[in-house]
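Only one structure is covered here, and it is reproduced in the block below.
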Amino acid sequence: MGRFIFVSFGLLVVFLSLSGTGAALNCASGWSGYDQHCYKVFDKPKSWADAEKFCKKQTSGGHLVSFHSSEETDFVVKLVSQTLESQILWMGLSKVWNQCDWGWSNGAKLKYKAWAEESYCVYFSSTKKGWRSRACRLLGHFVCKSPA
């Protein structure tokens, strides 16, 4: 009986230590999980288009990160701060020219907004809240997001 309790306690410790790391969501090694999605910060700067292509190659359904709540934003900013110092990072929001409207690179409609100003491709800061835009051709670090 004592051995059963010991093993059960050990399994509980392992489960609790893995929760929040992405392991419970079947995220690939090096990716972190939150709300049915997996996230990874990449520290090799790319243009917005190259970063989006890179994310698509990483996992099935992968794209530059899209934000749908302030809680998700807080999770990603914390993840970034653990990996990079003060940086700006691309996210999947850009001007969809054929519709003259903003849209996420994964096709989701823009419902949650946190604009600081408006332009072409959108980035966020690892130290400040709010979104900003700049020319898509400029290089930036980025976060990829995929379904868990």
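Keep in mind that glycine also has a Cβ here, set from the backbone N, Cα and C atoms.
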*If you look at what Swiss-Prot says, which of CYS27, CYS38, CYS55 makes a disulfide link with CYS144?*
CYS55
*Looking only at CYS27, CYS121, the disulfide-bonded residues on record, which one has the least crowded Cβ, with the fewest other Cβ atoms within 10 Å?*
CYS27
*Looking at the disulfide-bonded residues CYS55, CYS121, CYS136, CYS144, whose Cα is closest in space to that of CYS38 (disulfide bond)?*
CYS144
*Residues satisfying Cβ distance under 8 Å from CYS144 (disulfide bond), sequence separation of at least 6*: TYR39, LYS40, PHE42, PHE54, CYS55, GLN58, THR59, GLY62, HIS63, LEU64, VAL65
_Secondary-structure category, per DSSP, in which CYS136 (disulfide bond) falls_ = coil
